[in-house]
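To start, the structure under review is shown below, and the notes come after it.
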Amino acid sequence: IFEHPAGSYKKIFETCEELAEPLPATVTGRIPSFLKGSLLRLGPGLFEVGDEPFYHLFDGQALMHKFDFKNGQVTYYRKFVRTDAYVRAITEKRVVITEFGTFAYPDPCKNIFSRFFSYFKGVEVTDNCLVNVYPIGEDFYAVTETNYITKVNTDTLETLKKVDMCNFVNINGVTAHPHIEQDGTVYNIGNCMGKGATLAYNIVKIPPTQKDKSDPIEKSKVVVQFPSAERFKPSYVHSFGMSENYFVFVETPVKINLLKFLSAWSIRGSNYMDCFESNESQGTIFHVAKKDPGEYIDLKFKGAPIGMFHHINTYEDQGFIVLDICSWKGFEFVYNYLWLANLRANWEEVKKAAMMAPQPEVRRYVIPLDVHKEEQGKNLVSLPYTTATAVMHADGMVWLEPEVLFSGPRQAFEFPQINYQKYGGKNYSYAYGLGLNHFIPDRICKLNVRTKETWVWQEPESYPSEPLFVQTPDGVDEDDGVLLTIVAAPGSQRPAYMLILNAKDLSEIARAEVECSIPVTFHGMYKQ
């Protein structure tokens, strides 16, 4: 396990400039000939406006990165997404729209009357799409977790338009982690208003490219609704599981206090982070719904409290749903540890803070679909290859205990990826991830979920990002392919590079180095 006493990881949380045109990269090794597309990534790139800082990891303004592959050559390009949040901040030289952990103060130039009236207009929700990019129909959208998604041109990185999902479906926001089927159908989940003024969660389906070339988003519809455990406090939802025939939604104890959210907002400088709280007695609730036609399955599955952001994969096997996730033990909200001040601290401080945080663990839960009242007290899971259990209690609730697939103290296997094209929603063997060392990303990992074998790539003072899997065109094995990751190497002559690893053993195939620094990126995609 690497130590980082020099603190060079601080560089990945620093503002950088966008590029006027693509930069050529210096290639070592050989770029596989089947790589002909683009690696697209999103993350924060502007960490302060004038003398006003952004405070949280998820506040910096969205910067879109692109590595293009052409005839064994590589170029790098980046542009800020022209969101309302960004354009207005640049124009007014101050933070104008409240971000996840940064409050935007009212315009100092306005008098008391115009302030009073804008108070009644309500909150402006951010469109800062710094989390991910994905296709809907023929189009591509940069996204965060609010109701706004931003259409972008993935060739020029131009910003095309802001789309409000509220105009099409009953949703307060959607996640940055949709599931996308082979035909291009997109599924996503978000909080919504349910029946009788209660909160709920809706799964939204967006159809693939339309014959008449109309926008598929206009045909979005809700396919199924999950109930909320607490009437006015929905859980924070970051992603969901989808197998061939089922959706799985994990309702964690991390709650959004809506009343606080709506009242505190305009009153005393509050931001999104101020509205989270933990329900220390709820535990974790696992919800299952049929996919087609959408139908909620009214069974109660529960487990010990965890925080959860990323599903790895979900599949069905012999009447069970196998659910692999990246979990954080306990009910405390992990985002409390992702303030920029914490991440930019000296190494000893970073380690000290992480000591207090929830512990990361890759877990496999198994949900039995065929549940009978008379079987209480015994383990319902009969799959031979897992130690995960499901036990029915007297009240009909089924208690789930996981199998641990990977666990290392303060060493997270996070930002998971799989061979999604071929194995998404199916029984699989391999997960790839970004290794977080006390929250600092310093290695690429591979995990065999069947045998628990692991592989690691790491180099000193090198800070990679989420690895994306690209299948070899004629590949037969699940792991026939490469991993693409952007690595920041602040001490090096060339401070960043795109790294290509063999997915089989994480050996290096090639790297493409650039002359500029690249800050942290969260998620992205390889576009053929």
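In case you wondered, yes, glycine gets a Cβ from its N, Cα and C as well.
Quick look at what TrEMBL lists:
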- His177, His238, His310, His523: Fe cation binding site (BINDING)
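Using the Cβ center of His177, His238, His310, His523 for Fe cation, the list of other same-chain residues with Cβ within 8 Å runs, in sequence order, Val131, Asn132, Thr175, Ala176, Ser239, Phe309, His311, Phe415. Long-range Cβ contacts of His238 (Fe cation binding site) within its own chain (separation 6+, distance under 8 Å): Glu145, Thr175, Ala176, His177, Met308, Phe309, His310. Around His177 (Fe cation binding site), taking its Cβ as the centre, 20 other Cβ atoms fall within 10 Å, counting all chains. The Cβ of His310 (Fe cation binding site) has 20 neighbouring Cβ atoms from other residues within 10 Å, across all protein chains displayed. Long-range Cβ neighbours of His523 (Fe cation binding site) (same chain, at least 6 residues apart, Cβ-Cβ under 8 Å): Arg41, Leu42, Val131, Asn132, Val133, Ala176, His177, Phe415, Glu466.
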